[in-house]
Amino acid sequence: MGDEAANINLGWESFKGSIGKFLQAVVGFLGTVVFARVLGPTSFGGFYFLLSILYLVDRPLHGVSDALNKRFSESDAPRGELFGATLLVNAAAVVLIAAVMTLLRGWFESFTNVPNAAFVFFVLFASSALFVPNQRLIAAIGMPSRQTWNDTLRSLLTFPLQIGFVLAGFGAAGMGYGLAAATLLTGATAWLFVGVVPAFPSTKTLRSLWQFAKYSIPSGFFGKAYNEFDSLLLGAVLTTAVVGEYQAAFKLTVPALFIGTVVVSGLLPKVSNLSSRGEEVSEDVQNVIAYSSLLAIPIFFGSLAIPEQLIVTAFGGEYRDGGILLVGIALYRLFETQRLIFSGTLKGIDRPSVVMKIDAFALVFNVVLGFALVYEIGPIGVVLATVLAEVSRYVLLAYLVNKQFGDVRLVPRPLMEQFAAGAVMFLVVESSSRFVTGASWFNTALLVGVGGAVYMGILFAISANFRVTIWSLYRDSGLGS
C-alpha cells in the first residue's frame, strides 16, 4: 500500500473534522431537545438505555474494525483480504444477534420501556455491522476528516428519519429505526468512497488480524462498558427517567470531544505507519496533547458556572435534576480528551494489550465505586465514580506514554494557557449570571456567547502558540495563499 497514513496533516485534518463535528452537534442537539420534550424522561431515557446495551454488545464489531484499521494502515497490507475477513466476522455476529433477540423478545421490551425493543436492537446492530468497518477504513487511508464528515452525513439523515418514524406513531422505537436507516445508508456511502473489494482471507491474514483483535475486542468492551456504565446502572437500579436526565446532561457536553476524537482517529494510523518504519512520533503526540482539550476546557468551566440554567433552557423543567450531573460529566469529558491521546498512541505502537489491561482496571474500579455511591448519594455518585475512574485511567496511560517516549510533556504550555483562559471565563460568566437571570434561550445564549468570547479573546492574547496555530490553519486552508 501507499503511505497515506504517514502524511496525515493532523492539525488541518482536525480543523476540517471539527467543522463536521460541530454540524453533527447542532443537528444532534436539536434532535435531542425535540425528542426529550416530546417523549418525556421515561421513554427518552428508555431509548438511550437500549443504546447503552447495544454499545456493549456490538464491541466485537468495533474491536475487529480497530484491528482492520491498524493492519490496513501498515506498509504492504493485503487490503482486500483484511476487509473480507472483517465482513465475515460481522455477518456471523448479525446471525447470532438475530437468534438471541428472538429468544429475549418479550423480556427485552419490558426491561427497556421501548416498543418492539428486540427488533429495534437487531436492526441497529445489523446496520452497524456494515457502517463500522467501512467508517474505520476512511481514517486508515489517511482521511480522518472525511470519516467525520461521513458521520456528519449520518447525523443529518438521522434526525429527519427519526422525526418521520416518531410522527408515524412508533414512539421511542422510531428513534431506533431512524438511526438504523441512516447508519445503513452511510455505511454504504463509506464503502463506495473507500472502494476496497473484499477478498477471501488467507490464514496468514486472519492470524495477523486476530493478533490485534484479541486485545482490541476486550479493550473496546471494557472501554465501552466503562463509558455506558452510568446509564446502565441508573436504568437498572433507579429508573429510565433518571437515565433521561443523565443523557440530557451528557448531550450538552458532546462538543468537548470535537477536536480530540477527530485528531485521535488520525493519530493512530499515523503513529502506526511511522513506528512501523522506525520513525519518530513524539512530536505529533505532543502537538495533539496541546490542543485536544481546546473545547473541553471552556465547556467544563461554563457548566460549573451555570449548570441548571443550561439544562432547563435546553430540555425543560422536567430535567432540572440533571444540572448537578452536568458538572461531573463535563469534568469527565475534560480528562477523556487527554486520555484518548495516550490510548491511541499506545495502540498505534502495537501495544493494545496494555490499553486493554488499563481499561479493565478502570471498569472494575468504576463498577465497584459506582454501585457503592449510587445507594449512598444517588445519581451524582455514579458520575463521581466515573470521574475518579477516568482520572486513574488517564494517569496510568500518561505514565506509560511518557515512559515510552520520555520527551513528551504531559501538560505543555498551550494547555496551561487554555486553563488560564477558562478560569477567567468562569469568573466572568458566573458573575454575569447574577444579573442575567432566568432560564430563557436569549439569556442563556447571551451568557454562553460572552463566555466563549472571553475564552477565545484571552487565549488569543496570552498564547503565541495559539496565534501561530490559527495562522497555520488559515494557510493550510488555501485562503492565505
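For all residues, glycine too, the Cβ spot is worked out from N, Cα and C.
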Transmembrane segment range according to TrEMBL, out of 287-308, 441-462: 441-462
Listed range which TrEMBL flags as transmembrane segment, given the options 179-200, 355-376: 179-200
Surrounding residues of the transmembrane segment (114-132) on its own chain - C-beta under 8 Å, 6+ positions past either end: 43, 46-47, 49-51, 53-54, 57-58, 61-62, 65, 90-91, 93-94, 97-98, 101-102, 104-105, 108, 154, 170-173, 176-177, 179-181, 183-184, 186-188, 190-191
